[in-house]
Structures are given as C-alpha cells and as structure tokens.
C-alpha cells in the first residue's frame with residue numbers, strides 16, 4: 001500500500017466508524033498500521049503559538065505526531081515544523097555521551113580534541129573548573145545562558161540553583177534576544193508582564209495589523225486563524241502588513257506598507273498625531289482620564305554598545321559605529337523630531353543617560369500633544385518610505401488608510417508584533433508606542449481589540465518571563481533589586497535572610513563581553529546556541545576558544561556552541577522528559593515523558609540536580625565578594641539556626657528537602673509512563689557518582705511546580721495545580737477558582753481587575769502601588785511622586801535613527817530572521833531530512849535592481865560584509881522574501897551561512913535586546 005492509498009484508507013475507515021458501518025478488510029490498513037500505538041497529548045516544541053499535538057509511541061520510539069483536535073489554539077492543525085516533532089530527536093549525529101576536550105593522557109585540555117567520557121568524569125572536571133572560577137571571581141564570575149525553550153520546571157530549577165544556591169544572578173535566557181523589549185514595554189506601561197488579550201481576539205476583531213511580524217511563516221497556525229477570519233467577512237475584515245521587506249504575510253493583506261528601518265517610531269507618532277490633532281473627538285476621554293497618565297523620558301541613552309568606545313577588542317573597522325555610544329551628530333530627521341528639546345540637525349547629542357535609559361516622568365496631555373506636532377503625513381512619509389521605487393503619494397495614501405483603520409469608530413483592531421519591534425535599538429520605545437495608540441482610542445483589553453506582543457519561543461513567556469530566568473528577575477514579576485521581593489523568595493525557598501544577592505548579573509550580551517574581558521570564566525549553556533545566535537559572533541567565538549575560561553554546553557546535537565565548548569553534556573529532548581510550556585496568550589500546558597532519552601542523554605533537571613550535589617553550604621554561603629562595591633554576607637550561622645548543617649549540599653537544601661519528598665513516586669499521573677528523574681530507567685545510566693542512577697524516589701517535577709506556583713497565587717499570576725494541567729489542554733492565567741482569564745485588566749473578565757476596581761470597567765493593577773515624579777518634555781520639574789493608582793502609562797517616544805546606517809562603503813541594509821521550515825539556528829530542524837530538503841541553505845534575498853547593478857544573477861554566490869565580518873551566501877531574486885532596493889535579508893538558521901558574524905551587537909538600552917534587523921553591509925561577487 002502506498003502513502004496515498006494509506007491516507008484514503010484511513011479517511012474511509014474513520015468515516016465508516018463514525019457512521020457505525022463495519023470496516024471492510026480493504027479499508028483496515030490504516031487501523032492495522034496504528035496497532036500498538038499509544039497516543040498522548042503534548043505541546044509542540046517550536047514557536048510561541050503553543051499548539052497542542054498528539055504523540056504516538058511504539059516500542060520505545062515516537063512513531064507519529066498529529067495536531068490535537070481538542071487543543072483550542074490550533075484545533076487539530078499543525079504547521080510543517082509541527083508535523084516533524086517526532087523526527088527532531090533522531091538525527092544521525094545525536095550526542096549520546098558526554099564529550100570532553102582532552103590531551104593524549106585523557107586529561108582536560110582546552111586545546112584538546114573531544115573524547116567520550118563518563119558522566120562522573122564530566123562532572124568532576126566541570127566541578128573543578130566551576131570552583132576555580134567561583135573562588136577567583138565570585139558569584140558573578142560564573143554564568144548560565146538559559147532559554148525561552150526551557151521547560152518551566154527546568155527554568156525554575158536553574159533560577160533556584162543559581163540565585164538561591166550559588167548566590168549568582170548571572171543567569172539570562174536567549175529570550176533576552178527576542179522578548180526583552182516586549183517585557184520592558186509591559187513593565188513600563190502596565191507594571192506587570194504579558195499580554196492583556198488572547199488568541200480569541202483573532203475571531204472577534206475587524207482588523208489585524210502586523211508590525212514587524214511575518215506571521216504567515218513565524219506563527220503559521222495563528223495566521224491560518226487570521227486567514228479564516230478574513231475570508232469569513234472579506235469586506236469588513238481588513239489586514240495590514242507593515243515590514244521593511246515584502247513577505248508571505250503580505251499575500252493576505254489589504255495594505256502592505258514597506259517602511260525604512262526604525263521608522264516605525266515615526267509611523268506610530270503619525271497615527272497618534274492624526275488622532276490628537278485631526279480627530280480629537282475619537283479620543284476615548286473617559287478611558288484616558290480614568291485609566292492613563294502621560295509620560296516621557298530621556299533620549300540621550302546610547303545604543304547598548306560597549307561604554308568604552310575605544311575598547312581594545314574592537315577592530316579598527318568597528319570604531320566609527322562604536323563611537324555612537326558616546327555621542328552622535330543629529331540627522332536632518334532627528335533635528336525635526338528632537339526639536340522639542342531645543343536640538344537641531346548637525347548638533348552633537350551626548351549620551352549622558354545611558355545608565356538611566358528607563359527613567360521616565362509624568363507630563364501633561366498638552367506636552368504630549370506638542371511633541372507629536374512634527375509627525376505630519378508629509379514628514380512621516382519622507383522618513384518612513386522604505387521602497388525607493390514606490391511613489392511617495394501612494395505611500396502617503398497607505399499611511400492615511402492605516403491611521404483611518406485605527407481611528408474608525410466601532411472598528412475593533414488588534415496590533416500584532418514580534419521581532420521587527422523587539423529586536424530594535426529602541427525596542428522598548430516602539431512597544432510603548434503601540435499601547436499609546438490603543439489607549440488613546442480606548443481599544444485595549446477588550447475582546448477583539450488590543451496591542452498584542454507575540455512570543456517567538458515556546459516558553460519565553462512561561463519560563464523566561466514568568467519564572468524569572470533573567471539576571472534581574474525572580475518568579476512572578478519580582479526583581480532581585482527589591483529587598484521585599486528577595487525576602488518573599490527567601491521565605492518560599494526556606495533560605496536564610498540575606499542569601500539572595502540584590503545585584504543583577506550580566507545580561508546575555510554583556511556576559512559575552514565579560515567573557516571577552518575575562519570577567520566571566522565559566523558559562524553553562526542550556527537549551528540554546530549562543531555562539532551562533534549572538535550578533536558580532538567572531539568576538540565571542542575567539543573569546544571562548546582562546547582565553548582562559550571553561551564552557552559547558554548541554555545539547556543534543558553538535559551545533560556551533562557545542563563545537564566551541566570545552567565540555568558537551570548530552571541532553572534529553574522534549575518528549576524524553578516531563579515538562580511544561582507557557583505560550584504567548586498566557587496558556588500553560590504540561591506533558592508526560594513519552595520515551596527514554598537516546599544513548600546516555602539525561603534531562604537538564606537531572607544535570608542541574610546532580611551538579612548541586614557537589615557543593616556544600618560551606619562552599620557557597622559564606623561571605624562572597626560580588627564586585628568592588630558589594631560583598632554578600634555569610635549566612636552560615638543563620639542556616640544553622642534554621643536546622644541546616646554547613647555540610648548539607650545544595651541538593652539537600654534546594655531540591656531533596658522534606659517538602660520535596662512529600663511528592664510520592666507512586667503518583668497515578670505517572671502510571672504506565674517513564675520518569676527518568678524519579679525512577680531511573682531501563683538504560684541503567686551510570687550517573688555522576690559513578691554508580692547506576694536509580695532515580696530520586698520522589699516526584700521532582702511536581703514538587704518544583706507546586707513550589708513555583710506559590711509565587712503567583714494571590715498576586716495576579718495564579719497558576720493551576722499540577723494535576724489539573726494534565727487533565728486539560730492548557731489554561732490561561734491568572735487561573736482563579738479553576739477558571740482561566742481571557743482579557744486581563746478588564747473587570748468583566750479579570751478577577752484581579754474586579755477586585756481592584758469593583759465599580760469600574762478597567763484596572764491596570766500592575767501599577768497600583770506605582771508613583772512618578774512630574775515634569776515636562778525636557779525633564780523632571782518636581783521630584784515629589786504622584787501615585788498612579790491602577791493607571792497605565794501613555795509614553796511619548798521620538799523617532800531616532802539607528803546607530804549604523806548605509807553609507808558609501810556599506811550601501812545596503814541587512815535584516816536577519818527566520819523561515820517557516822527551520823527553527824532558530826537549525827540545530828534540530830536541519831537534521832530533519834524533509835525540512836532540510838525543503839530549505840537546505842540560507843539565501844541572500846535581494847532586489848533585482850540591486851543585483852543588476854552588482855552584476856549578480858539568480859543563485860550566484862556573493863559576499864555579505866559588514867564592519868565586523870563577512871559570509872558567503874547564494875542570491876535569491878525570486879523567492880518568498882522580496883526586499884526593496886537597498887536592503888537584503890539573510891536568515892540565521894544555517895551555520896554554513898553564519899550571518900551573525902556580520903550583525904551588529906547594538907541593543908535597546910532599556911531592554912538590552914539585540915537589534916538583528918538593521919546594520920550596514922556591502923555585497924559583492926564571491
């Protein structure tokens with residue numbers, strides 16, 4: 001039977017069964033093929049949509065995956081990556097044993113070659129190197145680069161081990177690269193993280209506007225829902241795509257707006273100006289007066305580059321861009337947009353507030369209106385038109401039509417965005433601007449209306465953000481810098497007072513810079529690929545390989561970071577372990593372990609717990625110097641008073657305590673399912689102590705979950721209990737009295753809003769205790785703070801140029817991103833034969849006019865070169881992505897087209913998120 005006949009047979013068999021008709025023998029082939037399969041629900045491994053899938057196993061291997069028809073997110077659909085969840089675990093070069101660089105004697109040697117070693121030898125060397133650095137440099141000399149792909153229990157264990165055990169806040173996720181600007185936007189505007197809306201908005205809205213979000217490829221299941229909504233009422237429902245190049249998302253759009261890089265800042269202000277100056281009657285005055293305040297902040301904040309503009313590690317070609325961190329000469333456009341500060345084109349702006357980039361203060365509506373004045377249609381079109389071949393008047397019509405859609409009375413509008421917004425030198429600003437427009441119109445936190453940040457990774461929300469795996473965060477939106485938050489955390493973790501450090505560690509990009517500077521000498525990488533995914537990669541690879549440090553990479557495959565490492569730990573993949581993810585609409589989903597890990601691979605939780613066994617309280621809870629200004633006190637005496645011994649290990653105190661052991665290994669949820677951490681498994685892996693690992697004997701995942709959820713209950717982040725999630729297809733938090741929340745801050749739907757303002761429609765309770773000084777557009781005039789009392793903030797943020805723009809020597813913009821078929825750096829998907837065949841290499845998408853000028857033809861190889869590095873890539877002039885003249889697009893999934901060697905490591909100064917979307921390059925034939 002061939003594939004087509006099998007599918008026909010399966011369909012016919014299902015139809016007969018539903019009709020109560022006996023299945024003929026000729027139609028039973030599909031049923032026979034599935035004989036002995038066990039199906040169970042799980043979450044997709046890939047993007048932040050959070051699709052539910054069904055996983056089939058037989059004989060200890062995953063044999064099939066399909067969309068879960070009961071999953072409310074995807075309703076049985078999968079995208080092309082989703083259908084290959086089963087195959088990501090079975091690549092030919094899967095790492096199955098620990099690998100250590102050794103010399104001829106079998107001893108660790110940084111210049112040695114990888115050799116298979118035991119888990120015991122791996123941990124022996126890892127422990128020795130960790131102790132060496134910890135003793136030399138203190139808690140912040142060691143670091144963890146984590147992930148928005150951590151399961152929630154993994155992220156929680158990592159935070160507890162690093163911050164509670166080693167007293168180090170130097171743990172940061174790769175979500176710093178993708179969602180930090182959205183996070184800071186939420187925190188600055190709402191005082192609490194994550195979207196107010198949910199995916200139900202798609203079916204309820206009249207208008208979908210995508211800003212820097214190629215949803216057709218990056219969130220294809222959501223785009224299927226958008227397409228369905230559009231087709232259900234094509235005349236009423238409008239779709240707009242705003243991007244710096246044409247994408248598949250434009251295929252459905254009524255309006256496509258190709259804008260110049262960074263000019264989204266100007267476009268948002270134009271829309272706000274249209275509202276305030278030309279349609280003041282459309283301002284929802286009741287909403288704005290009751291629920292909002294107007295704010296502004298400094299503009300002289302730099303670009304997130306190194307503060308030392310003459311740093312010895314910079315190449316001469318990098319110095320011009322590096323200098324902008326200290327000051328820059330204002331352009332003609334900036335002379336207009338910053339005129340409210342008394343500045344003009346040609347002035348030098350000194351970046352004096354880089355260290356206070358997040359500062360802001362309350363202003364009046366009149367000041368806000370004054371700042372919007374320059375953003376006329378003519379000015380904005382001149383700044384924002386991104387396609388040189390487009391007629392300026394046609395572009396103006398599009399901008400006006402865009403504004404009209406937002407402004408139209410009774411029109412519901414959802415604004416979606418992803419990396420085009422977040423990976424931006426003013427990423428926090430542009431997130432704030434989206435809320436600005438929605439607030440002015442009263443179109444936020446309503447069914448079918450709202451500004452909605454889409455998450456890129458499967459648990460950037462559920463783990464990186466909610467758990468707090470950022471250097472400055474703790475669970476449930478708490479921060480290490482707040483003494484009260486540290487106190488709450490110490491009590492929940494049963495730590496002595498003063499254990500936690502109040503000093504944030506090095507964020508993702510700074511950790512790489514600190515590695516290059518010798519300030520960090522031990523990094524443990526988990527569930528991501530930093531040496532491929534971090535911009536200006538040549539610097540960081542050289543630092544890792546040529547300097548005195550030790551890099552541990554937990555990975556299933558030999559990606560770039562694994563190749564850079566000193567020690568590789570083989571890690572279990574998603575369905576080889578128990579886990580949970582949290583998606584972009586605050587939906588939390590759990591799954592069971594379906595199969596045993598390959599070879600001797602072990603789950604990340606196991607790796608962390610085994611490492612924690614090697615450190616006693618006396619090793620890490622004594623007096624510890626963080627930096628020249630901060631020394632952590634010894635808490636050993638306080639620990640003794642709590643019943644601990646200085647001989648207790650971190651494992652004993654943090655993970656195998658009395659509370660943990662209450663969670664039985666005989667839990668019925670585990671019946672007929674493996675749990676490697678709890679029981680060990682039939683592989684009889686020889687563990688980190690040289691003995692067979694037979695399990696911890698208690699339900700570690702359930703313990704971690706139930707302890708973690710205590711942080712959010714009663715604080716607006718309520719999660720359900722462990723058992724509930726195994727019965728349902730996910731729930732959107734806050735989950736109060738067993739009921740999920742669709743729209744936050746709306747008293748009709750959100751119990752926390754209802755509690756905060758029982759007689760009102762809205763309450764932005766994240767700001768219930770917040771207060772701001774007052775001033776004007778130029779700064780603070782009165783330091784006395786005015787309470788916000790459940791109000792959100794409407795920010796004014798000006799247009800500013802990026803720090804590096806095309807020039808005579810580097811005449812093209814470079815933008816990077818993903819493609820539908822591959823995930824991030826391709827570590828998993830490039831090993832799936834079907835996905836590899838579909839897209840075997842990253843291409844350089846270019847406009848035909850540019851190719852003609854360069855004498856380049858379709859499929860020819862070119863060099864893409866910046867001030868930082870260069871790579872070869874094959875030119876595509878006819879593909880899915882269609883850049884305007886002057887811009888090229890190169891995805892980052894292909895390690896053989898290592899585009900992050902070319903990209904600039906500038907970041908948003910507030911969020912510290914890298915801007916991968918704009919730098920200057922030159923193109924020439926290879």
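Each residue, glycine too, has its Cβ placed from N, Cα and C.
Since we're looking at a predicted model, the values are computed, not measured.
Quick look at what Swiss-Prot lists:
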- 44, 47, 51, 79: [4Fe-4S] cluster binding site (BINDING)
- 81, 149, 174, 178, 211-218, 419, 423, 529, 554-555, 577, 604, 816-825, 900, 917: Mo-bis(molybdopterin guanine dinucleotide) binding site (BINDING)
- 892: substrate binding site (BINDING)
- 37-93: domain '4Fe-4S Mo/W bis-MGD-type' (DOMAIN)
- 1-30: signal peptide (SIGNAL)
Could you check which of the binding-site residues 44, 47, 51 is the closest Cα neighbour of residue 817 (Mo-bis(molybdopterin guanine dinucleotide) binding site)?
47
Checking the binding-site residues 44, 47, 51, 79, which are within 10 Å of residue 825 (Mo-bis(molybdopterin guanine dinucleotide) binding site) at the Cα level?
none
Residue 79 ([4Fe-4S] cluster binding site) CB neighbourhood, other CB atoms within 10 A:
24
Shell of the [4Fe-4S] cluster site beyond 44, 47, 51, 79, same chain only (C-beta within 8 angstroms of their C-beta centre):
46, 49, 50, 74, 78, 81, 82, 220, 221
Between residue 211 (Mo-bis(molybdopterin guanine dinucleotide) binding site) and residue 47 ([4Fe-4S] cluster binding site), what C-alpha distance do you get in Å?
18
10 Å Cα neighbourhood of residue 81 (Mo-bis(molybdopterin guanine dinucleotide) binding site): matching binding-site residues from 44, 51, 892:
44
Going by Cα-Cα distance, pick out whichever of the binding-site residues 44, 47, 51 is nearest to residue 215 (Mo-bis(molybdopterin guanine dinucleotide) binding site).
47
Taking DSSP states H, G and I as helix and E and B as strand, how many residues of the domain '4Fe-4S Mo/W bis-MGD-type' (37-93) are helix, strand and coil?
6 helix, 20 strand, 31 coil
For residue 892 (substrate binding site), identify the closest of the binding-site residues 44, 47, 79, 555, judging by Cα separation.
47
Using only C-alpha positions, which one of 44, 47, 51 is spatially nearest residue 821 (Mo-bis(molybdopterin guanine dinucleotide) binding site)? These are the binding-site residues in the record.
47
Where residue 419 (Mo-bis(molybdopterin guanine dinucleotide) binding site) and residue 47 ([4Fe-4S] cluster binding site) are concerned, what is their Cα separation in Å, rounded?
13
Cα-Cα, whole number of Å: residue 555 (Mo-bis(molybdopterin guanine dinucleotide) binding site) versus residue 44 ([4Fe-4S] cluster binding site)?
19
Around residue 825 (Mo-bis(molybdopterin guanine dinucleotide) binding site), how many other C-beta atoms are within 10 angstroms of its C-beta?
25
Return the count of C-beta atoms lying within 10 angstroms of the C-beta of the residue listed as 'substrate binding site', excluding that atom itself.
23
Using DSSP and collapsing to three states, where does residue 825 (Mo-bis(molybdopterin guanine dinucleotide) binding site) fall: helix, strand or coil?
coil
Cβ neighbour count (within 10 Å, all chains shown) around residue 419 (Mo-bis(molybdopterin guanine dinucleotide) binding site):
27
Note the mean pLDDT of the domain '4Fe-4S Mo/W bis-MGD-type' (37-93), expressed as a whole number.
97
